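Engineer: Feature table excerpt (TrEMBL):
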BINDING   Glu70, Ile92  Mg(2+) 1 binding site
BINDING   Asp90, Asp93, Asp220  Mg(2+) 2 binding site
Amino acid sequence: MADLWQNAMDYAVAIARKAGEVVRDALRDDMKVMTKSSSVDLVTQTDQKVEQLIIQSVKEKFPTHRFIGEESVAAGEACDLTDSPTWIIDPIDGTTNFVHAFPFVAVSIGFSVNKQSEFGVVYSCLEDKMFTARRGKGAFCNGEPLKVSDQEDIKQSIIATEFGSSREPEAVDKIFSSLRNILCIPVHGVRGAGSAAINMCLVASGCVEAYYEIGIHIWDVAAGSLIVSEAGGVLMDVEGGGVDLMSRRIVAANRRAIAERIVKEIDSFSPPRDDTPPSKQ
Ligand code: IPD
Ligand code: CA
Ligand code: CA
Ligand code: CA
């Protein structure tokens with residue numbers, strides 16, 4: 001089995017590279033920008049085209065595997081993580097960046113078996129950085145090993161977070177109160193790349209000590225979370241305890257103490273889980 005998943009990961013890397021080319025080419029064309037749940041939840045034909053390209057390519061080689069893809073879920077497919085081998089796809093992570101040519105845009109492919117991540121691939125396609133991790137085998141960027149920062153002091157840290165695409169005033173208030181608490185620790189700085197996957201790769205690379213966000217989806221973090229843990233980092237729920245990738249909340253940090261301090265400062269809330277059927281939301 002081990003070799004089969006290595007094979008699948010090599011295939012994912014090749015697909016992500018091809019997808020990245022499509023994304024880069026599309027930046028030069030006229031874009032048709034559409035919206036989904038709100039006027040700030042953007043999608044383009046390229047998001048849909050890249051997702052189909054990835055799914056079709058995987059189906060050719062692994063016809064029995066399952067998929068969770070952002071744009072397929074948006075089109076009404078269930079977000080269902082079973083024990084079967086499942087590819088978890090975010091065709092463009094950072095669609096708002098893509099629309100504005102803000103240069104942090106990623107193709108993210110996670111792969112899970114028995115609900116356990118086996119590999120993660122994040123291709124930051126405008127930087128041409130290929131981040132990979134295989135369970136138990138470390139994390140890499142363009143083939144070079146990654147290691148999280150060894151900073152133990154949150155006051156000497158950069159923390160990444162995002163505002164997401166929800167503009168519900170209550171959620172925005174909680175985001176701002178968390179941000180205020182974190183800034184007032186005080187930390188060296190707060191940053192956000194506009195892509196959950198790239199934020200997680202920044203943690204894995206040791207450039208930022210931690211990333212947290214409430215409102216993410218499983219496709220935003222499936223690949224990045226394995227890249228963080230294989231680079232020596234820790235994952236936590238925003239109320240402490242283990243991360244549930246369907247819960248739409250995550251803290252990823254270089255050290256447990258830094259993750260715990262962030263948990264202490266966060267004003268948490270619970271968006272509808274990814275596996276909640278639309279009728280119950
Ligand atoms: C979004 C990005 C953004 C994060 C949002 C995500 P998308 O993904 O990762 O940084 O704040 O929560 O939904 O929609 O660009 O794939
Ligand atoms: Ca989106
Ligand atoms: Ca995303
Ligand atoms: Ca996306």
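Glycine is treated like the rest: Cβ placed from N, Cα and C.
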Engineer: If you count other CB atoms within 10 A of each CB, which of Glu70, Asp93 wins among these binding-site residues?
Structural biologist: Asp93
Engineer: Quick one: what's DSSP say for Asp93 (Mg(2+) 2 binding site), helix, strand or coil?
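Structural biologist: Looking at the DSSP assignment, Asp93 (Mg(2+) 2 binding site) belongs to a strand.
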Engineer: I want the residues beyond Asp90, Asp93, Asp220 whose C-beta is within 8 angstroms of the mean position of the Mg(2+) 2 site's C-beta atoms, in chain order.
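Structural biologist: Along the chain, the qualifying residues are Glu70, Ile92, Gly94, Ala106, Ser108, Ser195, Ala196, Ala197, Ile216, His217, Trp219, Val221, Gly224.
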Engineer: Nearest to Glu70 (Mg(2+) 1 binding site) in three-dimensional space, by Cα, is which of the binding-site residues Asp90, Asp93, Asp220?
Structural biologist: Asp90
Engineer: Determine, from DSSP, whether Asp220 (Mg(2+) 2 binding site) sits in helix, strand or coil.
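Structural biologist: For Asp220 (Mg(2+) 2 binding site) - judged by DSSP and reduced to three states - the answer is helix.
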Engineer: Which binding-site residues from the list Asp90, Ile92, Asp93, Asp220 come close to ligand 4, meaning a Cβ under 6 Å from one of its atoms?
Structural biologist: Asp90, Ile92, Asp93
Engineer: Using a 10 Å cut-off, grab the number of neighbouring Cβ atoms around the Cβ of Asp90 (Mg(2+) 2 binding site), all chains included.
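Structural biologist: Other Cβ atoms within 10 Å of Asp90 (Mg(2+) 2 binding site): 32.
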Engineer: List, in residue order, those binding-site residues out of Asp90, Ile92, Asp93, Asp220 with a Cβ under 6 Å from any atom belonging to ligand 3.
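Structural biologist: List returned for ligand 3: Asp90, Asp93, Asp220.
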